Each structure stands twice: as C-alpha cells, then as structure tokens.
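Have a look at the structure below before the remarks.
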Amino acid sequence: MSPWQPLLLALLAFGCSSAAPYQRQPTFVVFPKDLKTSNLTDTQLAEAYLYRYGYTRAAQMMGEKQSLRPALLMLQKQLSLPQTGELDSQTLKAIRTPRCGVPDVGRFQTFKGLKWDHHNITYWIQNYSEDLPRDMIDDAFARAFAVWGEVAPLTFTRVYGPEADIVIQFGVAEHGDGYPFDGKDGLLAHAFPPGAGVQGDAHFDDDELWSLGKGVVIPTYYGNSNGAPCHFPFTFEGRSYSACTTDGRNDGTPWCSTTADYDKDGKFGFCPSERLYTEHGNGEGKPCVFPFIFEGRSYSACTTKGRSDGYRWCATTANYDQDKLYGFCPTRVDATVVGGNSAGELCVFPFVFLGKQYSSCTSDGRRDGRLWCATTSNFDTDKKWGFCPDQGYSLFLVAAHEFGHALGLDHSSVPEALMYPLYSYLEGFPLNKDDIDGIQYLYGRGSKPDPRPPATTTTEPQPTAPPTMCPTIPPTAYPTVGPTVGPTGAPSPGPTSSPSPGPTGAPSPGPTAPPTAGSSEASTESLSPADNPCNVDVFDAIAEIQGALHFFKDGWYWKFLNHRGSPLQGPFLTARTWPALPATLDSAFEDPQTKRVFFFSGRQMWVYTGKTVLGPRSLDKLGLGPEVTHVSGLLPRRLGKALLFSKGRVWRFDLKSQKVDPQSVIRVDKEFSGVPWNSHDIFQYQDKAYFCHGKFFWRVSFQNEVNKVDHEVNQVDDVGYVTYDLLQCP
C-alpha cells in the first residue's frame, strides 16, 4: 500500500446478538439507510474483510472459488490469534471489532522515509464535534499528543491557522480529502503520514458518538454539583436511568444525577434545556417561553417552523409575532440519535413500531441487537429513526492512535499496543513497549527539544465585533432544590459557560434589527428584507455554497437551489450566518474538498470552517502586494489548488497554506478568452465558470476537463443576464 493513502480507522460493527422477540418469533425489518453489511453471512463478511485488508486477491472477489484458508492463516498470524485457518469464533470476533482500514504489517512499523524533519510539531483544531464540550475536546487532543511527547523528544504546540503541521478536522461523508466517511459505525477516523499539504492531518468522523469512552458527556447547570457532568447510568427511586429525565419534577426541566446513585448521594444538576437558556438569536440567552405565538399559532415546544435549515428555535416572550424575540434550543446529546435517516434529531417517546407503543429505546426489529428509536411518534407511517446513544468512542484513545500515524508509525501486531489495528477501550497510560520502540526508532530518545516559535499564531483569534451569543455571567440565584421536590418554577435562566456557536438566520419573518457584527462597516443604505433580488442591478458577491447559489448584497443574501419548483430562499442577514463578516463583500468561495468558505472584502479575508472563523487576515499574508486592492473571485482546481482573480490578473492559490504562487500571475485572457478583464464576480457553478460584469455574465466551459484550466485557453459558450438566467426572474 502506498504510504500516501490515508489510514482509515474502520469500525465493523456487526453485532451477533438477535433482537428480543416481539411475538413468538422475532420480526426483522429493513430500516431505511441502514448498513447493508449487517445482512452478510459470516463467510461473506470474512471474504469482504480479507479483500479489504489485503489478504486475498481481487480475483477471488470476482467469482473465483478459492479456499479462504491461506488468507485466514495470514490474518490470524497478524492479529496474534490461534492459527487454525478456519473461520472460528475468535476470528469472527476480531473481524467484527473496530479497526484501521489499511493492510496489516508485522511488529512495530514506520512509514519508510516518512517522518517530520523537526521535533517541534504544531497542530490546529480546525473545527469541533458537538458531542463533547470544546474544552474537553481540546484536553483530549492535548493529552493524546502528550502520550508521545512523554517517550520521545517531541513537543506539540497548538496554533490557530492552516500552516500547522497537523490539521485536525471533524467531518462527515465526503469531507474533502477523497476518502469519504460512511456514517455511524463505519470508518471511524483516518490520518496521513508526515509531509506537506494534507500529509500529517487527522480526520474524525462526526457521525460517530465521541465521548471519553464511557457514554455521552452531558455538562450540568445549577443543582448542587458545581457543573459536574451527568453520570450514566444512575439510580433514582430504585430505577436506572441512562439519559436525562424529568421524572420527579413537575416543571418539565430535564435533570440527571452526577453520581451513580442519586438516592444515596443526592447530587444532581440540570441538563442543557431550552427551559434554562437559549443560544444566539436576539433573546439575550433567556429561556423559552411556552406556549408562544408564531404566525398566529400557539407552540408548546421548540419548533423548526419558519426555517429552511432545520434548527429548533423558540420565542423568549409569549408572542413572537409582536416582540420578534427568539433563541435557538440547546441540543439534547443524551437523546439525539446517530446514524439511521434522522441523525441529529431527538427520540420521540412514545412511538409506534409494528403497531406496538414504545416508551424507551428498543432493539426490536433488528438482527444485531442495537438500540434504536423513532424520531416521530409513528415509525410505521413515517419510517424516521436513528440509533440511541451508546458508550461512544474515546476521542483521546482514537486521537492518540491517529497521531501515531501522523508522526510516522504504522500498525503493530502486538495486541496490547496502542498502534494495534483493533480498537478497544482501556484506562491508564496507553503505550506499550512496542509503541515506544517505534516512536524512538523515528525520533530517538532524550529530553524534549527547546521550544521554537511556530510560524503562525499560538493564541486564539478574537472576534472583530461583540459576539451575539447569550451572556456568560452566572445568574444571581441558583436552584438547589432536588428533583423529588418538584418546584413549580423553572430554574433561573443563564448558562454558566459560553454556548457553542449556533445556527444561522432568524425564524421567518426575520428580525428587523441590523447586523450586530461588522456593524461599523455596514452600508448606510441597508437593504430591506422585503426587497426583491430581481430588482438588484449588481450583487456584491455570488458563490456556490453547500450546493446552493448565494447572492450577497449590502449585508443580506439569498439562496437559490437549481431544482425544478424550488423557491428562492431569503433574504437572510449575512451577519447572522457568518457573524465576523462586514456588510459588504467582494467575493466568496467554497473549497469543494474541505468545505471551508473563503470571504473577501477589500484587503481582508475570512475563512469559515463550519461555525469557526479564522480572520480577518490581510491579503499580505496571502502573498498579495498593496497593488491588489480586492479579490474578484476564485475558481477551484484539483489537488487543493484554486485560481485567484483581481483586476484582470490571475494567480495560482494553495487552499491549505493560503498562499499564492507569485511566479504564476498571468493576464486573465491568457486562460479565458472573451471574458471581461474587469469582471467583479467570478465563481464556479455546476462545473462551469462565470464572469460577471454589470447585469451580465459570461459563462465558460472548461476545454480541459481533466486539469480544468491547464494548458488550453477556455472559451465563452454563453452570455446572459444574472437575474433572468441565473436567478430565473420573470
């Protein structure tokens, strides 16, 4: 296997237990978007596994009937199993165990010739999972690096920019490196060996449940436990609970015990809930008010009505139509499903399945015995479901394993080694002598090197305008009454720590307040939400983001999906979706691989990864001199590159290092014949390049589809109106 292929941490979660009987005989159903591999026979599973990990030739999977015995013997030797050559119970158990997705090798191994040429390694946490609080994720990664720093002369410094040696990213499905994740319990994580570009980076599948290895981590608020996390399971009035509950209370506020036995210890806290606080919006973090009025209708729970992005929200007064005050409802991680076809939704109890009512998660209907729930009240009619939270995977252990790969280590055949390909949870110091021998073979022994300043900042960038999230000052009064008392009033509002960034935009109709971020640069002629984009002569910027064409103008934007019958969405406040941005933009661009979104205004650039922003950064940092006053647009190329345009010139731009090649600058007409040299919006849409000037666009089809804009001049194939032909205005 080429060392340039990423190391895929694959979870083959095919349980061997059968579902509990529903009637006399268990009834099994096909769940929408479920893993098909769960229906494989043992032999089919073994054949697929042996082929995937290099033990059999591709010809055997093409229909040639050959014995599996030689391949099984190799597998058993590699995994230190009894070498029977048979598909016995121990071998099947190993096949069903979480593991990395690369062919296995012998005792401690390193990627030949691949190691860092310096011992002061930098890393950047590009984005976060919502499964754990950010400080816990930061701590898990720091501890994972420290494992290797304890036994080798290596230091690890966290930085806040893409110049880092190791870029850490959470992603789902196709996340930008050409090696997509496949949802819950498939590929768990992967990393690349040392080197430039994507080499050395570590990616984690955000469809998994990340924990400390012992179940979901739920921080608590108020109560009498000083913010200690929930302890699952816990006992209350003799009954065991594996999630937050409202039992024992008459105000509907979910709570949990922070020890194993509430009946004995009496320690508790309140779980994240809209009854305690809301996130973002314009309600100043106040809790939801139920019921509330929206568009003349009464709501007694959080809703997604009026939104196109699926985020749950509520009013923070009794009447949204009158007061226009709202916030977003906190996520209930303990009750949020993973996988299935409703990832991120909440379990709905009770729900109906095969005519029977369920008030808790069940394994009925499944051959693998895994717990699941419906996310609507009736699975039989809606077919919406997901897996209930399980113990999750230790982010610390998986990260320590992946960072071993990022430092140059391959897999070990020693079962006790951290670099052994099969995942297992363990406590204490995770390194085995085999791991230590491997890392010291690469980097030697001895004390840590003297620290040297990294090439990028080691302090987290601060927002350029006051944040819009709710205040972090604790309330003056904390409820300390235990859950059995059942007070009639809700706990005092206000979380004790900053909430994570929230969703975008306001419920329809949108708030009338101007943007609160970047307000110093806002246009003096603010666009009215009622204005029709078909009346806009020239847009500030146009870009394809998340499959939708975005049209920006004076701090607002519209979204257009090119689907038959799909309505134009918006207007939305730009500052609600991307709070750090100014009101006026010059251009925007989404990296098709990493899904990072680049924004340009004047001589500044912002880069959004999900809800995390880097910037503003000066164009000087990109290698562009003062003569470049703005960026007109970017077009993607292969291998993490793009073309960057300004004033009739074009540069080659590296999307990871965020640097232009100063030797690459040429005139636009050398690559694109017939387009306006002074185009103000340049973007790619549906694999074609668009150059806009005034009300018109010039569309270019690439002549060289393999290398896009290499070697051949690309010709204009259409000229049209932005509003009539792109926005499809009447």
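Note: Cβ is positioned from N, Cα and C throughout, glycine not excepted.
Because the structure is a prediction, the values reported are computed rather than measured.
If you check Swiss-Prot, you get these features:
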type	residues	note
CARBOHYD	ASN39	N-linked glycosylation site
CARBOHYD	ASN120	N-linked glycosylation site
CARBOHYD	ASN127	N-linked glycosylation site
BINDING	ASP182, GLY183, ASP185, LEU187, ASP205, GLU208	Ca(2+) 3 binding site
DISULFID	CYS230-CYS256	disulfide bond
DISULFID	CYS244-CYS271	disulfide bond
DISULFID	CYS288-CYS314	disulfide bond
DISULFID	CYS302-CYS329	disulfide bond
DISULFID	CYS347-CYS373	disulfide bond
DISULFID	CYS361-CYS388	disulfide bond
DISULFID	CYS534-CYS729	disulfide bond
REPEAT	628-675	repeat 'Hemopexin 3'
(request) Compare the C-alpha of CYS388 (disulfide bond) with the C-alpha of each of the binding-site residues GLY183, LEU187, ASP205, and give the closest one. (result) GLY183
(request) Do me a favour and check the Cα-Cα span between CYS244 (disulfide bond) and GLU208 (Ca(2+) 3 binding site); whole Å is fine. (result) 20
(message) Can you tell me which of the binding-site residues GLY183, LEU187, ASP205, GLU208 is spatially closest to ASN127 (N-linked glycosylation site)? Compare CA atoms only.
(response) ASP205
(request) Find, among the disulfide-bonded residues listed as CYS271, CYS388, the one whose Cβ has the highest number of other Cβ atoms within 10 Å in the structure shown. (result) CYS271
(request) For each of the disulfide-bonded residues (CYS302, CYS729), count the other CB atoms lying within 10 A of its CB, then report the residue with the highest count. (result) CYS302
(message) What whole-number Å value do you get for the CA-CA distance of GLY183 (Ca(2+) 3 binding site) and CYS534 (disulfide bond)?
(response) 40
(message) I need the least crowded one of these disulfide-bonded residues (CYS244, CYS329, CYS534), counting other C-beta atoms within 10 angstroms of each C-beta.
(response) CYS534
(message) Give me the CA-CA distance between CYS361 (disulfide bond) and GLU208 (Ca(2+) 3 binding site), in Å, as a whole number.
(response) 18
(request) Could you state the whole-number distance in Å separating the C-alpha atoms of ASN120 (N-linked glycosylation site) and CYS302 (disulfide bond)? (result) 48
(message) Summarise the repeat 'Hemopexin 3' (628-675) as counts of helix, strand and coil residues per DSSP.
(response) 6 helix, 22 strand, 20 coil
(message) What's the number of neighbouring CB atoms sitting within 10 A of the CB on CYS347 (disulfide bond)?
(response) 23
(request) Give the three-state DSSP assignment (helix, strand or coil) for CYS302 (disulfide bond). (result) coil
(message) Under DSSP, is LEU187 (Ca(2+) 3 binding site) part of a helix or a strand, or is it coil?
(response) strand
(request) Between the Cα atoms of CYS729 (disulfide bond) and CYS288 (disulfide bond), find the distance and write it as a whole number of Å. (result) 39
(message) Can you tell me how many other Cβ atoms are located within 10 Å of the Cβ belonging to CYS288 (disulfide bond)?
(response) 29
(message) I need the CA-to-CA distance for GLU208 (Ca(2+) 3 binding site) versus CYS256 (disulfide bond), whole Å please.
(response) 23
